[in-house]
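Below: one structure, written as C-alpha cells.
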C-alpha cells in the first residue's frame, strides 16, 4: 500500500496515518523526520541538507526528492508507506511519480481529507484548552493567528495538489469532519474495495 494523505493542518492526517501504520505495518514517512535522519547519519545528501538548513534556507526540492527516494528504498517500505508532508507542491508530485515509475512502483491512492477551515480553528482551540487543562505543553504554533497563517500557506502552496492528482485519477476525497472511526473506515474502503 503506497499512499499520500492530503489535507490542511489539523485535518487529522497524522491521526489517520498512525492508525493505518498500526493496522497495516507500513511506515509513515514524514519529510521532517527523513531530513533529520539524513542529517544525523551525515550521509552525503544529509550534509547538503544540513548546510542549507544551517544557512536558514528551505531545503530544495532536489534534496528532498533524493531523501524521499532513498527512504522509499529502505526494507521497511517493501510493503508500502504513507507519505506525510510530501509532496507539498505539484513539481514535487511530478518528481515523485517519475521516481516511483523508475522503481517500478505506483501510488495506490491519494486521499484528501476535506474539512471546514472554521471548524478546524475551533478544533485547534479545543485541543489547546484540553492540553492546558491536562497541564501539558502547547505548541508555539497552536494559536488562532499562527494556525490561520498555516491554513493560508496550505491553500496557496499545497492545495493545487488536489487538482493535479484529480487529473491523474488517483485522488479520493473523504469528509475529514466525520468522526475518526468513520474516516478510517472510508479510507479502508478505498484501499481495500469490496
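Just so you know, the numbers here start at 1 and follow the chain as drawn.
Note: Cβ is positioned from N, Cα and C throughout, glycine not excepted.
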Residue among 55, 78, 178 sharing the ATP site, where Swiss-Prot lists 10, 11, 12, 13, 14, 15, 127 as binders: 178
CB within-chain contacts under 8 A for residue 11 (ATP binding site), separation at least 6: 113, 115, 120, 176
Whole-number Å value for how far residue 15 (ATP binding site) lies from residue 31 (AMP binding site) (Cα to Cα): 17
ATP binding residues 10, 11, 12, 13, 14, 15, 127, 178: largest Cα-Cα distance, in Å and rounded to whole number: 17
Distance from residue 88 (AMP binding site) back to residue 15 (ATP binding site), taken between C-alpha atoms, in Å: 19
Three-class DSSP secondary structure - residue 11 (ATP binding site): coil
